[in-house]
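Below: one structure, written as structure tokens.
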């Protein structure tokens with residue numbers, strides 16, 4: 001791999017520029033989804049684009065879920081819908097501290 005040797009000889013790390021979570025983060029800590037992105041990249045390394053899309057789909061889905069939280073949002077929406085349905089049916093009463101009661105403002 002002559003390109004990687006060139007990177008090493010010049011002291012460059014192009015992976016940091018290509019990967020989203022590898023960029024410099026505040027306080028010097030790794031990005032929240034860095035591990036998922038790294039797994040996805042390592043899985044697809046050397047496979048080629050077509051084969052990597054097929055074989056690394058679970059890693060890619062994990063990375064996208066970490067970035068966008070779509071499954072988490074859908075799950076939370078279902079939970080809130082179920083709670084509202086149970087409140088309307090009278091099967092559930094939220095505790096007092098969860099009821100939205102505004103305190104009078106002076």
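Quick reminder: no glycine exception, Cβ is built from N, Cα and C everywhere.
These come from TrEMBL:
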type: DISULFID; residues: 33-66; note: disulfide bond
type: DISULFID; residues: 43-56; note: disulfide bond
type: REGION; residues: 85-106; note: region 'Disordered'
Local Cβ density at residue 66 (disulfide bond) - other Cβ atoms counted within 10 Å: 17
Integer Å distance between the CA atoms belonging to residue 33 (disulfide bond) and residue 43 (disulfide bond): 16
For the C-alpha pair, I'd like the distance in angstrom between residue 56 (disulfide bond) and residue 33 (disulfide bond), rounded off. 16
Counting across all protein chains shown, how many other Cβ atoms sit within 10 Å of the Cβ of residue 43 (disulfide bond)? 16
Row residue 33 (disulfide bond), column other C-beta within 10 angstroms, all chains, value 18
Note down the number of other Cβ atoms within 10 Å of the Cβ of residue 56 (disulfide bond), including every protein chain shown. 19
